[in-house]
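*Asks:* One structure, pasted below without further comment.
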C-alpha cells in the first residue's frame, strides 16, 4: 500500500530522483561550458574574416566610379545614365579617368605605366579591365499584324535561347566576334534578366590614350545596337596596405522597353588568408572549430542511436542538426575557396596584359561569408536551449508553445487579408508606383506601411479614389485590428502562464540556482563560508534564546519548534520550491490549506476506489 502510494505521488523513490536530477544538472553545466568555448571560438573565427577596411575600400571605389560626374555635365554620372549617349560619355570620361592614375597631383611620374595603374596611388589594378556585351537576335518576338508596316524588327528581352551568337559590325576584332561562355563562371542576376558568361568581349589597354581611341572607334561604329541587352565592365584591384582585393563590376542593362538601368557590385575580400600573425591565430581557431564539429557530430549520432525516433520530437534536436549541417557546408566552402585560390591566383597574376577574372573567387568567397553568418546566427539561438531552465525564459517558451495553435490560425487569417491587399495594390498602382511595380515589391511595401514607412503621395497620385481607400482600410484592418489581435493572443497566454507559475509551477531546475549552489559549495569546501546547516542551527538557537528573554516558558518554546519542524517537513514533502512570484491569486496560507485538503481528499478517494474494486470483484465472483 505504501509502495503504491509512493508510486502514485511521483513514481521513482526520492533518492533515485535526486540522483537523476544531480546527473542532469552536471551534464547541463558541462554542455553549457563546452558550448560557450565553441561559441567564443566561432566568434573569433567569424570576426577575424571581416576587416573594417572592407567598407572604406568599397566606399572610396564606389565614390570614384559611381558618383564622379561627366566633365561639363554635373548631372550625369554612372548612377544617372539613361541613354546610350550618356553611357559613352561615362566610358570616355569618369571611367577612363578613374582607371588610369599615372602621375602624382604635382604631375610627377611615380612609376612605370607598363607595370600597372595604381588607383588613388594605393590600389594596384590587376591585369586590364574587361568590357563584355550580350545581345539578342532580331525577330525573337512577334509584331502585331497592324504594326508590321511600321516596325519590321523586334528584339525580345534577354534569355539564353534568345541570345545572338553571330558576329556583327566590323567582324574584325574580338569585340565584334562572339566568345563562348566559361562553364565555371557564375551567371549574373540583374534587374530585368539573368545573364550568362561569354558574349562580345574586349579588354582595355595599359595606355590611357589607346583605350580612349578604342572607345571612340566603338562608338562611331555602333558597337551598341538595338539588340544590346547588357554590358558588363569588370576589373579587380589589390591593396597591399590592408591585404584586400576589391572586385568591381559595373552593369548597364538595356531593357526591351528602352533606356538603361545601371547596377554595380563592389566585393572587398581577403583572398590571401594567412599572412600576418593574427591570421595564424584565426587558422588555429579554424582547426579548433573542426575538432568541435567532430565532437558534436559524435554526440548527436550517439543520441540518435540511443533515442531513435524520439530524438526527432524535440525542436532543440532539429536545431542541433541544422547547426551541424551549416557547419559542414561552411567547412566545405572554406576548403573549396582555398583550393581555388591556390590553383588560380598564381595564373591570374602571371600575365598583366590580360584580364584577371577574380570575380569567380570573390563570388564563392561571398557565399562562404554568408554561410558563416547564418551559422553563427543559429549558434547564438541555441543559447536559449540552456537558459530555458531559467524561470523567465521558461515562461517565454511555455507562452509560445501554448499560443502556437492560436498564432497559426491568426496567421492564416492575416495573410489572406495581407495578400489580398498586396494583389490589389499591385494591380492598381503597379504601373505607376515603384513600390508596387511587382507583386513581391507590393508585399514588402505593405510590411513597410505597417512599420510607418510609406509613400502616400505616390499612391494618391496613381489613383485619387482607390489610393486613399486602399491606404485607410489597410491601416484599419491590418494595423489596428489584426496586429492588436496578435498582441492580445500573446498577452492572454502569458497571463495564464504567469498565473500558473505563481501557484508553484516552475522548471525542474533553474540554471541560476544551479550555478549559485555550485558556487556556495565551492566556497564551503575552501572554508571561505560556513556551512548552511550551521548557520540555520545558529539562527534557531538565537530565536529560542530571544523567546526566553521575552518571557515564553520552555513548553511553549518546544511546542513552537515542533510545529516549525512539522511545517518544514510538510513543505519539503509537498512543495518543489517556495512561492516567490509577486503575482499571487490567493495567499500562501490559503493555498497551503487548500493543498492539504486536496491531499486528504485524494487519499479518501483512493480508499473508496479500492473498496469499490473489491465490491466489483466479489460481484463478478458471485455471477
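Each Cβ is built from the backbone N, Cα and C atoms, and glycine gets one as well.
Caution: TrEMBL annotation is automatic and unverified by curators.
Pasting the feature list from TrEMBL:
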DISULFID  141-154  disulfide bond
DOMAIN    77-272  domain 'Polycystin'
DOMAIN    273-497  domain 'Polycystin cation channel PKD1/PKD2'
TRANSMEM  32-51  transmembrane segment
TRANSMEM  278-297  transmembrane segment
TRANSMEM  318-345  transmembrane segment
TRANSMEM  365-387  transmembrane segment
TRANSMEM  407-429  transmembrane segment
TRANSMEM  469-490  transmembrane segment
*Asks:* Does the transmembrane segment (365-387) reach the transmembrane segment (32-51) with at least 3 CB pairs under 8 A, where each pair is 6 or more residues apart?
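*Replies:* Yes, the stretches contact each other.
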*Asks:* Counting only residues 6+ away in sequence within the same chain, which have a CB under 8 Å from the CB of residue 154 (disulfide bond)?
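*Replies:* In sequence order, the residues whose Cβ lies under 8 Å from that of residue 154 (disulfide bond) (at least 6 apart) are 138, 139, 140, 141, 142, 143.
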*Asks:* For the domain 'Polycystin cation channel PKD1/PKD2' (273-497), what's the model's average pLDDT?
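*Replies:* Averaging the confidence scores along the domain 'Polycystin cation channel PKD1/PKD2' (273-497) gives 87.
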*Asks:* Give the one range among 32-51, 318-345, 469-490 whose Cβ atoms make the most pairs under 8 Å with those of the transmembrane segment (407-429).
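*Replies:* Between the candidates 32-51, 318-345, 469-490, the best contact partner of the transmembrane segment (407-429) is 469-490.
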*Asks:* For the transmembrane segment (469-490), what are the same-chain contacts with Cβ under 8 Å, counting residues 6+ beyond its ends?
*Replies:* 399, 403, 406-407, 410, 413-414, 417-418, 421, 424-425, 428, 446, 449-450, 454, 456, 459-460
